[in-house]
Amino acid sequence: MTASIALDAGSAAVAETRVRRRLLFLMFPAATAMFAVFNGIQQVLLPGQVEEIDSANKIANLGMIMGICAVTSVFGLLAGGAVSDRTVGRWGRRAPSLAFSAIVAAILTVALGSVSTLMALTLGMAALWFVVNYYQGALTAILPDRIPLEHRGVTSSMIALGVPIGVIVSVQLGALVERPLALASLGLLLVLTTAALLFLAPEPPAHAPVAVADTPQPPLLVRFIGFFDGFRSFDFTIAMIARMLMFFSIFSVTAYTYYILQDYVGTKNLPSGDIKFSVSLMITIQMVACLVSTAISGWLVDRWQKPKLFVGISSIGIAVAFAIPMFSPSWPAMLFMQTSVGFFFGAYMAIDLALMSLVLPDPDNEGRDMALLSAAAGLPQILTPMFAAAVIANIGYYALFGAGALSALAAGVLIFLIRSVR
């Protein structure tokens, strides 16, 4: 009898390992497609479309669009985590939200390919950013749901690998094919990779919690305040602030990559004088560096169990890299900066999700709290477009790099204040 029980336990462990590996490898293409939508549109397709509509006001218009998108992003992230937390049924908690948002996002990408007015572009982008961030809120909640603590470093790095691969695919697509086809292809890729994740690594059914009879519901205001209970935790709050500062740094600079090369470096100083080719080349080199550091960082963290150290050092490295173009507005300086940022941000992204999952204070609301931490990447987008546009117009691009460097440095310092993680 004892031998039979041990055999059953061993078989269950093997089956669980197989399911986890399949989930791990299928989350990677889904994350890749999601980041491809974000980066392909924001860094190549959208700036060109904005310039075609009104070239004289391109910086202000891009800032306005991304500012509005940032607001809808935050609501999308919070909704994706919170709604999927409360979803019950045979398909699990996260699967319905992922399927719905992927399909709607694909429809919106096709629609965006045909718009020709600033109003239509703004509304379409706001809707798309809400839906794709809703998708992200549900996708990242899988990490605390289904991945054991000792494997979260590798899983986080696999999700983060989607950033460089997604960027490389999307910027090449945006540079080489017509915009409507590029947009439709990004939407289709998201649907196909999501279908693979949901059907090949299905989520177990989610059952409604047992209701306690005659338990009165708290007032709506109390429930709303309770949504932010995670901020009672010091480590959760510090992680949130540090993440906001890090992404404020990144978005302040990267949202204007197209115009930095065009106006700060000068189109005539770029390879062949081709702005789209130069953006594509620079981002591809950056993402190769990102890919290298992402691939090794998750494994190293699971081995050494020191995620805080990796995230803190990576943040400070990004600060140093952003300072370089302040003193040299040249193509070589931009390449060096982007390569350095790619390397350090790859390491940051590989460990960031694992670190965030370790400071979640409430096991019953992990999707909600992960969404709040994910919103820390979305909240800066509300401020950075308007902030960056004002800095560029009144001081210059060099000041934008300085602000990015200071913000990343502050993020790195704060990370070391987290107490519960090494």
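Yeah, the Cβs are placed from backbone N, Cα and C, and that goes for glycine too.
Looking at 120-140, 372-392, the stretch flagged in TrEMBL as transmembrane segment turns out to be 372-392. Within its own chain, the transmembrane segment (241-261) is flanked in space by residues 42-44, 47-48, 58-59, 62, 66, 267, 270, 275, 278-279, 282-283, 315, 318-319, 322, 325, 334, 341, 345, 348, 352, 356, 373, 376-381, 383-385, 387-388, 392, 397, 400-401, 403-405, 407-408, 410-412, 414-415, which lie at least six positions past its ends and keep a Cβ under 8 Å from the stretch. Computed over the domain 'Major facilitator superfamily (MFS) profile' (24-422), the whole-number mean pLDDT of the model equals 84.
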